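J.: Straight out of TrEMBL:
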- 70-74, 134-140, Asp163, Ala263, Gly317, His361, Asp430: (6S)-NADPHX binding site (BINDING)
- Asn71, Asp130, Ser166: K(+) binding site (BINDING)
- Lys398, Gly399, Ser400, Thr401, Thr402, Gly429: AMP binding site (BINDING)
- 10-220: domain 'YjeF N-terminal' (DOMAIN)
- 228-486: domain 'YjeF C-terminal' (DOMAIN)
Amino acid sequence: MRTAYSVETVRNAERELMARLPEGALMQRAAAGLAAACADLLGGGSGAGRVSAVGRVYGSKVVVLAGSGANGGDALYAGARLAARGARVWAVPLAADRTHEGGLAALLGAGGRVADDPFEVLAVADLVLDGITGIGGRGGLRPDAVPVARAARGGRGVIVAVDLPSGVEADSGEVAGEALRADATVTFGAYKPGLLIDPAREYAGALRLVDIGLGPYLPSVPELEALQHEDVARLLPAPTGESDKYRRGVVGIVAGSARYPGAAVLAVAGALRGGAGAVRYVGPGGDAVIAHYPETLVHEGPPSKAGRVQAWAVGPGLGDGPGVADALASDVPVLVDADGLRLLDPATVRARTAPTLLTPHAGEAAALLGVDRAEVESGRLAAVRELAARYGATVLLKGSTTLVASPDQGVPVRVNPTGTPWLATAGSGDVLSGLAGSLLASGLDPRDAASAAAYLHGLAGRLASHGAPVTAHEVAEAVRGAWRDVVGVRAGA
Ligand SMILES: NC(=O)C1=CN([C@@H]2O[C@H](COP(=O)(O)OP(=O)(O)OC[C@H]3O[C@@H](n4cnc5c(N)ncnc54)[C@H](O)[C@@H]3O)[C@@H](O)[C@H]2O)[C@@H](O)CC1
Ligand SMILES: Nc1ncnc2c1ncn2[C@@H]1O[C@H](COP(=O)(O)OP(=O)(O)O)[C@@H](O)[C@H]1O
Ligand SMILES: [K+]
């Protein structure tokens, strides 16, 4: 599990740890880890967007952009370490009289210099350390930092953000104004939410975490968590000798309409790959569904007359078709997506006795919240939390970063680490609905079902795409490969 902690939590932990260490020790740990990561990148270490051409630290040209806080201190001390290994290092202090004194002295003592002309050195730098702001930064870059940041980006050097790319909001992932896009970010003690959530995540490049000993002082519950293969493997259902199709769970799919018949097929395609023992389709698209998947049980509806299911997934391509209210009136978990989300009444959802899972994209989330789509996209974390609270439901917010929030207090939001922008293709959300509904039917709680489905769906997207366009149907077909990859089954086994 990868975890992320808010600025306040990180600062509290740092305070406790610092009280037990000699003055300045923590900054030295950070600087040592940062310098090691830079040496790796200068040596051609991969992972970052740009790769340094110099091949070694000795003789390389390094520029340190130093803001007025401790973030600048980290960068300057790391610069000093690189200078001691033979790099030519220039400092560019951005707040002349408030530069970290100890850091600057260390850099000058190791043979580094203050740049006479920042733009001249940025043009030739092999590596630029962005120490303008870290967790103390507020708002985008200040105007005086903007030309320097642009020159850094315009040069050929690898840009390494210290703790965070300067200009991004650590707690929310928002970017209010201009920020410095990095090739790699070396972060200290813990990931911050902004490093994992777009738009800020886009600015961070490859992530590296430097352990500065904060672990024992961080609370057990983070603000944000990202499942990894082993976490998802533990969640996925596996049939046993006792299993039969009903015990494995039956998922009901309410999707498709005369206008969108394909949505029924795609939602069923996802559901069939999701671990339920049977898929029951309810709606007008039964013929198309059977033509593609004869293993589906079909019924014209309404859902309450279609037979017992352990969970419903309602909404993809439904248009104004019926079925949402009927499914919501049931006593089993219900996933509501797409057209099912229109006019969804919070009171109806809150009154349900079984869990509800909503899966909006940014446009649907914006409509539910009564705000602009851009507001949701720039503040995903706040939007998903607000929706979960308002509806008393688990919410999976789709998009470039997929987030899953629980309505319960003190439960970390999950951020999905898999996926590819190639998933932005018509119908891929329908596949996700079916997949998540199937996992709900097989007994996962809504938060686990949503995050495991997003994980598999994102991985399937990557496997099916391999860097080329992919269709929703192919994503569904690749789910089995993703599942095997997650549970560690090798081909041929
Ligand atoms: N607290 C600790 O124990 C440790 C902190 N560390 C470093 O310290 C950083 C936090 O240091 P600080 O609290 O001094 O804060 P920062 O260095 O992140 O930034 C604060 C300074 O930046 C200025 N500033 C704020 N917003 C700005 C903007 N938009 N544009 C330009 N300047 C802006 C402020 O006026 C202030 O002087 C961390 O991110 C990390 O890099 C590390 O050394 C590890 C240990
Ligand atoms: N830029 C992106 N990067 C990664 N994944 C994306 C991006 N845009 C969309 N997706 C994913 O693609 C799927 C699209 O779903 P949705 O918006 O419901 O489309 P549709 O209604 O056509 O099925 C979701 O899983 C979403 O998270
Ligand atoms: K920074």
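Cβ coordinates are placed from backbone N, Cα and C, and glycine is handled just like the others.
Remember, it's a predicted structure, so these values are computed and weren't measured experimentally.
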J.: What binding-site residues in the list Asn71, Asp130, Lys398, Gly399, Thr401, Gly429 lie within 10 angstroms of Asp163 ((6S)-NADPHX binding site), counting C-alpha atoms?
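T.: Candidates kept after distance check: Asn71, Asp130.
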J.: How big is the Cα-to-Cα gap, in Å, between His361 ((6S)-NADPHX binding site) and Asn71 (K(+) binding site)?
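T.: So the Cα of Asn71 (K(+) binding site) lies 36 Å away from that of His361 ((6S)-NADPHX binding site).
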J.: Under 6 Å from ligand 2 by Cβ, which binding-site residues from Ala70, Asn71, Asp130, Ile135, His361, Thr401?
T.: His361
J.: With every protein chain in view, how many other Cβ atoms are within 10 Å of the Cβ of His361 ((6S)-NADPHX binding site)?
T.: 20
J.: With respect to ligand 3, which members of the binding-site residues Asn71, Asp130, His361 satisfy a Cβ distance under 6 angstroms to one of its atoms?
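T.: Among Asn71, Asp130, His361, near ligand 3: Asn71, Asp130.
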J.: In sequence order, which residues at least six apart in the same chain have a CB under 8 Å from the CB of Asp130 (K(+) binding site)?
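T.: Non-local contacts for Asp130 (K(+) binding site): Leu65, Ala75, Ala149, Ala152, Ile159, Val160, Ala161, Val162, Pro165, Ser166, Leu180, Ala182.
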J.: As a test of the contact definition, list every same-chain residue at least 6 positions from Gly73 ((6S)-NADPHX binding site) whose Cβ is closer than 8 Å to its Cβ.
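T.: Listed in sequence order: Met27, Ala31, Ala66, His100, Gly102, Gly103, Gly131.
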J.: How many whole Å apart are the CA atoms of Gly429 (AMP binding site) and Ala70 ((6S)-NADPHX binding site)?
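T.: With the alpha carbons as reference points, the distance is 44 Å.
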J.: Checking proximity to ligand 1 here: which binding-site residues out of Ala70, Asn71, Ile135, His361, Lys398 have their Cβ closer than 6 Å to it?
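T.: Checked binding-site residues vs ligand 1; flagged Ala70, Asn71, Ile135.
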